[in-house]
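Encoded as structure tokens, the structure appears first; notes follow it.
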């Protein structure tokens, strides 16, 4: 019986019709400065590939072109490494399902309006420097005398829901036109949402300094409520609302 099942499975695999899906992927190699950026076409058999775009990218890299370069790590939407522009939208390749229509070509680009290291790898140095600039850590002038942790109420803890889940993938910031044109000074949706996360943390005692840092014409107020950030967030968060809440706080300063 076991041999019969194995033979039937093997026959089904051998006779299955390939379902070839076309992917056009952005390619650029800094080691070849005379070669312009271009889209390179690959075909992947959907019958022999996982359901996510990252599965297709790994299959291409492992079986067709080892030079294809992209970031990836957890494959579970936790690390944010595989953020890229897929089919015109910023998202995570590990969470983006492959369009099963073989007649449609899927185009994959790096996150838009960023310097590119190679292929699908954006340079996030500036993005991380902006994140560092908001001092994203607990700041206090005094601590409990007994040396224990600083506690907060259940209600205060709930205020952080929808904020701390950000994985800093930069999908939202790189979908924002204001960030495209002003990223040297405008902090962008992702960083501002984290700024708000620390502004409303009941345990933090640097609220005044944090507000002062944001009270200028560029760091915060380049947001024009386009809301691309909220639409594209792969974690379902709402950076636009966080920015609006910061503006409300600063209006009373």
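Cβ from N, Cα, C; glycine included.
Per Swiss-Prot, the features are as follows:
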BINDING   74, 79, 82, 94  [2Fe-2S] cluster binding site
BINDING   166, 169, 172, 233  [4Fe-4S] cluster binding site
BINDING   176, 223, 229  [3Fe-4S] cluster binding site
BINDING   181  ubiquinone binding site
DOMAIN    23-114  domain '2Fe-2S ferredoxin-type'
DOMAIN    156-186  domain '4Fe-4S ferredoxin-type'
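Feature map: Swiss-Prot annotations on the structure.
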residue : record                        : contacts (Cβ under 8 Å, 6+ apart)
79      : [2Fe-2S] cluster binding site : 73, 167
82      : [2Fe-2S] cluster binding site : 54, 70, 71, 72, 73, 75, 92, 93, 94
169     : [4Fe-4S] cluster binding site : 80, 81, 83, 92, 190, 234
172     : [4Fe-4S] cluster binding site : 90, 188, 189, 190, 193, 228, 229, 230, 232, 233, 237, 239
176     : [3Fe-4S] cluster binding site : 188, 189, 223, 226, 228, 229
181     : ubiquinone binding site       : none
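Break the domain '2Fe-2S ferredoxin-type' (23-114) down by DSSP state and the numbers are 14 helix, 27 strand, 51 coil. Each of the binding-site residues 74, 166, 223, 229, 233 was assessed for Cβ neighbours inside 10 Å, and the highest tally belongs to 229. Secondary structure from DSSP puts residue 229 ([3Fe-4S] cluster binding site) in a helix. Helix first, then strand, then coil: DSSP counts for the domain '4Fe-4S ferredoxin-type' (156-186) stand at 12 helix, 0 strand, 19 coil. Predicted-model confidence for the domain '4Fe-4S ferredoxin-type' (156-186) is 97, expressed as mean pLDDT. Residue 94 ([2Fe-2S] cluster binding site): 25 other CB atoms within 10 A of its CB, across all protein chains.
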